[in-house]
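Peer 1: Just lifted these from TrEMBL, have a look:
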| type | residues | note |
| --- | --- | --- |
| TRANSMEM | 58-82 | transmembrane segment |
| TRANSMEM | 88-111 | transmembrane segment |
| TRANSMEM | 132-152 | transmembrane segment |
| TRANSMEM | 207-227 | transmembrane segment |
| TRANSMEM | 233-256 | transmembrane segment |
| TRANSMEM | 307-329 | transmembrane segment |
| TRANSMEM | 354-376 | transmembrane segment |
| TRANSMEM | 388-405 | transmembrane segment |
| TRANSMEM | 417-436 | transmembrane segment |
| TRANSMEM | 497-519 | transmembrane segment |
């Protein structure tokens, strides 16, 4: 019997691993002689820790779509109108369609790689992004994955914290005519500002220990980072509803302001065209979050439908804001974004101005705890860190790093470049490499190495709701079959599609990095 046939055997003893491997892996007996590879002991304390450290399979279809929408809609949205106007509608629209397709396939292929792990045909096990890399690429793959996912998500979080704090300080001036904070340089003193600055922060002449905006954002957001992913779903649903309301009001305002075809060329300037793929690609940098979502999604959630639907809705939002904004406002400066344009528009009423301040919290603040949780999950699985230290790094550290840098753009630039390099590889290249490696694994009839058997045992002991998963899957007709992106395709055809996506993204990513050096975005 091979391990593909083993997937048809129902579970009877969830915490006993050896029973499901001894008939399927001919080298397991060798492992039994290794004193360092004894059967893991699952104590009541371990089960209790796992139940509080990780979420359960409780995220439904609406919550799943909201979560993925929140992860894909980010700060790059505010520059889309400028991109359509400077890059032209034809190439920008083609860029969106290309990246929507390739990124969605990259994510789905990675999810299929999760299902290819023995005993996980319908995602019964908890397999985080880094452990997926560990299973297919070994120890060095695990180390590289930890570096890439931590830098990309943490850099995004740090930049988001800075932006949210600056926007909150600006909103305090707008509402109460004042915001204050404790300066650390050039002297330690309590400083208050009453006038908006042309730069991103009202505190242009000081380096700050903290500001009132920072403290308000911290109090509102940081507690959510200590929860589990499934506990944050209600926040994600609320954020998506607010985002629809805000973007809908903007489109109405654009139409009232007037739409003029002359404002948006078919093909834009060379510098605008050069920025298209960079601005488009990083609206879809959510692929690394998919394993954590799959681990906590209900077995009844349709994976393909959810990924394609959330990606399509996101794309519709991106294109709508970009095209209507570009058609409405002529000659947008290269240093502007849709927020500044709306705020300075004579047609903007009090609701439009308030939406400008609320929007960053909807698209940024709601994703900060999600990224913190995903970093924590990846640090905790495989017993790399205990929960307290993983929380310290994933949830607390970004807020500490952001403290002295809230008044400048230096860290934002560093974060943008970190996301550009580490985020692009983590979200687009690594998932496709994982899938191609999983095909090799399946061709070898899922013969596991000694290290892979150890990893599988770790994954099983980290899965706290195994019996519940099986009970739910029992009512699905296809629960014994492995999840596949293309059910009607043979393995070689899916491999060719993945390889084409890898070639396309492998060409685009160096091109994006190069064009960002040659045509840097204006701050």
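Here the Cβ of each residue, glycine as well, is placed from N, Cα and C on the backbone.
All TrEMBL annotations are machine predictions without curation.
Note that the coordinates shown come from a computational prediction; the quantities given were computed from them, not determined experimentally.
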Peer 1: Counting only residues 6 or more past its boundaries, what in the same chain has a CB within less than 8 Å of a CB in the transmembrane segment (497-519)?
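Peer 2: For the transmembrane segment (497-519), the far contacts come to 98, 102, 105-106, 109, 271, 274-275, 277-278, 281, 417, 420-421, 424-425, 428-429, 432-433, 435-436, 486, 489.
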Peer 1: Given the transmembrane segment (354-376), which of the listed stretches 58-82, 132-152, 233-256, 417-436 has the most Cβ pairs that are under 8 Å apart from it?
Peer 2: 233-256
Peer 1: Look over the recorded stretches 58-82, 132-152, 417-436 and say which has the most C-beta pairs under 8 A to the transmembrane segment (233-256).
Peer 2: 58-82
Peer 1: Where, among 132-152, 207-227, 307-329, do we find the most CB pairs under 8 A to the transmembrane segment (388-405)?
Peer 2: 207-227
Peer 1: What parts of the chain pack near the transmembrane segment (417-436), using Cβ distances under 8 Å and only residues at least 6 beyond its ends?
Peer 2: 102-103, 106-107, 109-110, 112-113, 132-133, 136-137, 145, 147-149, 151-152, 155-156, 159, 278, 281-282, 284-288, 495, 498-499, 501-502, 505-506, 509, 512-513, 516
